[in-house]
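As recorded in TrEMBL, the features of this protein are as follows:
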| type | residues | note |
| --- | --- | --- |
| BINDING | B:7, B:8, B:9, B:10, B:173, B:174, B:184 | ATP binding site |
| BINDING | B:47, B:74 | substrate binding site |
| DOMAIN | B:264-347 | domain 'ACT' |
């Protein structure tokens with residue numbers, strides 16, 4: 001008997017028929033003698049519809065009330081999934097994030113899980129029940145409802161898997177696993193049978209949307225074995241786990257891209273200590289995640305600072321910079337939300353010099369202009385014009401021979 | 001400075017524009033220096049839509065999961081209303097039933113409020129905030145989400161008004177107040193400026209749908225002054241409060257009708273002690289409210305028992321009777337959901353003999369057959385064919401001269 005945590009995304013529970021299909025799949029796992037905890041997201045486009053409703057009422061809904069509103073989406077799907085499983089004749093109970101003991105900090109709309117108080121989960125599992133938990137939501141010490149931000153259900157699933165020491169956390173999605181690139185852009189993209197947490201982390205952060213980065217971090221920290229797989233078939237997906245250095249034979253394991261990027265450039269900032277700090281702490285105070293940062297020296301002691309954020313945060317960020325630009329001595333700023341990020345990721349990159357150069361070469365061959373560059377030990381990212389993203393991903397996928405590498409990868413799995 | 005509890009029904013918050021209108025009305029009350037707690041129902045048809053979603057998934061959704069699902073409706077409206085008030089620039093916070101301390105028993109879908117723990121409400125009011133509370137929902141001692149049944153938001157509002165010792169509990173609805181009969185059926189129906197709790201209780205139970213009976217009971221018990229009024233205008237509505245006997249001058253103050261009635265007749269039940277008890281306890285165990293009961297002796301020691309329930313419960317009741325009919329020795333049963341209840345209500349009835357006879361006379365004059373009769377100190381109800389309901393209400397409204405009585409009523413107010 002194993003303890004399995006399963007997570008189904010919004011597209012897997014988009015309507016009554018799909019909910020019944022998920023119910024059958026959950027029951028199959030339970031009938032094999034496993035203890036099963038299921039984390040679900042809101043049905044289909046529910047979250048977006050709720051956001052639209054809020055915007056109909058006011059342009060700037062307060063985050064606390066936004067959480068109050070959004071948390072209802074997952075609460076609906078857990079109730080409906082529990083009904084479907086009960087209709088199949090199996091013992092089941094749904095729990096909201098608060099009921100499941102998902103304790104978070106109080107940063108509304110982007111809360112972080114502090115702890116999972118698993119008493120209730122263990123009690124229900126102990127009574128032989130399938131437990132359905134609302135993803136994406138939690139509760140603060142002050143009994144306030146919070147949400148974890150986009151893709152937060154992954155984090156809920158991994159946090160529960162960690163708290164319960166689950167044998168595996170299965171992330172069901174609408175694709176077969178983690179691919180060397182987005183198959184919608186690159187027809188020759190291949191499924192990876194296995195990938196390390198670090199690689200997955202970079203891929204996740206870089207817009208390969210199968211898993212939320214925070215979920216992967218959590219999984220890495222608590223050694224939760226993830227299985228990313230399709231809810232539409234029974235194919236083995238991609239296992240995400242610790243991979244020893246010996247096995248890191250692929251230089252580049254995937255090409256990721258992200259269209260949810262906006263670029264802001266602040267002009268003529270004096271080159272004095274504390275200026276960048278003031279800028280980025282102002283953004284951080286409003287919970288805006290800054291991704292890439294490039295500072296370029298224009299002339300003596302005057303810099304331009306460019307950085308990227310998620311498109312959702314652009315409006316808020318522009319407001320902040322408008323407010324503090326005088327204080328930091330900037331002459332002005334510009335922003336552009338028609339950019340995209342393309343990245344190559346691979347744990348083997350660290351021991352293979354020249355990878356970044358080959359990336360720039362591939363982009364140059366396609367006449368693609370690079371606006372910003374950022375590198376880590378296992379990835380290189382470039383900001384380019386959003387319109388060129390498909391061309392860029394295809395070129396990089398080919399340049400690093402990813403079509404051919406899946407066999408090697410399977411051999412190590 | 002007064003403490004005002006306002007309750008807005010689903011039709012008052014059906015869309016963004018209506019929510020903004022309610023927000024303005026709430027703010028008007030707050031700007032006069034009042035402390036304001038607002039209880040809201042789910043937007044428009046949300047509850048019905050959620051019930052349909054559940055039925056798409058399964059024919060018989062478990063009550064506990066139904067509550068989990070339905071509670072989301074009110075949670076959405078409180079968030080949206082709080083956003084609208086915040087957009088007007090006033091301090092506001094929304095609270096779910098659980099957050100507002102609405103403690104209930106564990107009878108899912110029909111829970112009763114046991115207590116309001118008002119700490120959180122008092123804290124938020126103390127900070128000068130307008131407090132928006134989700135109606136219709138609560139939480140059990142075991143942290144389970146419950147709902148109070150149809151119209152439960154009225155009860156939430158009155159319970160909060162009682163707990164906070166509010167000066168008035170304003171029930172906003174889509175009609176101007178309590179009428180001598182349903183104005184849609186009786187064009188000459190008149191608004192009552194004042195009515196006693198007991199009369200309102202009978203009217204409410206009898207299908208004059210402006211207020212939930214349990215809410216009126218609660219109001220009577222805790223001396224909460226109710227003001228039933230329109231959310232579409234500023235007219236004075238109907239005040240519901242204790243009326244001294246001296247003032248009970250109207251024999252009949254209103255004609256109520258109820259189309260949500262199903263009649264069940266159980267045939268040939270042995271006339272032995274405990275039989276009726278067994279039948280009605282079986283129904284009570286499933287939380288089915290039985291309204292009228294008539295037992296008729298057919299021949300020696302064999303009775304027919306007829307009773308009425310809400311249409312929603314018919315399917316469940318039929319299942320129960322099917323199961324226990326052998327046990328209670330019945331030869332069979334029939335049911336009919338094309339019946340309706342018409343009632344006359346008046347606190348003065350108790351001292352005026354012959355009122356029931358005049359009612360039967362009025363119905364006979366219209367050739368309306370009476371299937372069941374039930375009486376209390378201040379009302380007489382008859383079950384008739386649903387198709388004849390309008391004719392019956394019009395005839396009774398005329399018979400008891402209700403068109404002319406409003407003046408008297410206003411004089412006492």
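A Cβ is built for glycine as well, from the same backbone N, Cα and C atoms used for every other residue.
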Taking every pair from B:7, B:8, B:9, B:10, B:173, B:174, B:184 (the record's ATP binders), the biggest C-alpha distance in Å rounds to 23
Measuring Cα to Cα, how far is residue B:173 (ATP binding site) from residue B:74 (substrate binding site) in Å? 16
I'm checking region-level scores; what's the whole-number mean pLDDT for the domain 'ACT' (B:264-347)? 88
Tell me, how many other CB atoms lie within 10 A of the CB of residue B:74 (substrate binding site), whichever protein chain they belong to? 31
Distance, residue B:47 (substrate binding site) to residue B:9 (ATP binding site) (CA atoms, angstrom): 12
Helix, strand or coil by DSSP: which one applies to residue B:174 (ATP binding site)? coil
Would you mind checking how many other C-beta atoms are within 10 angstroms of the C-beta on residue B:10 (ATP binding site)? 23
Here the Cα-Cα span from residue B:174 (ATP binding site) to residue B:47 (substrate binding site), rounded to a whole number of angstrom, reaches 18
Report, in whole Å, the straight Cα-to-Cα distance of residue B:74 (substrate binding site) from residue B:7 (ATP binding site). 12
Residues near residue B:47 (substrate binding site) by Cβ (under 8 Å) yet at least 6 apart in sequence within the same chain, in sequence order, are B:10, B:41, B:70, B:73
According to DSSP, how is the domain 'ACT' (B:264-347) divided among helix, strand and coil residues? 26 helix, 39 strand, 19 coil
Count the other Cβ atoms sitting within 10 Å of the Cβ of residue B:9 (ATP binding site), across every protein chain shown. 23
Cβ distance under 8 Å to residue B:8 (ATP binding site), same chain, sequence separation 6 or more: which residues? B:22, B:38, B:39, B:40, B:41, B:172, B:231
Cα distance (Å, whole number) from residue B:74 (substrate binding site) to residue B:184 (ATP binding site): 28
Residue B:8 (ATP binding site): secondary structure state under DSSP, collapsed to three categories: strand
Look up residue B:47 (substrate binding site) in the DSSP assignment and reduce it to helix, strand or coil. helix
Counting other CB atoms within 10 Å of each candidate's CB, the least crowded of the binding-site residues B:7, B:184 is B:184
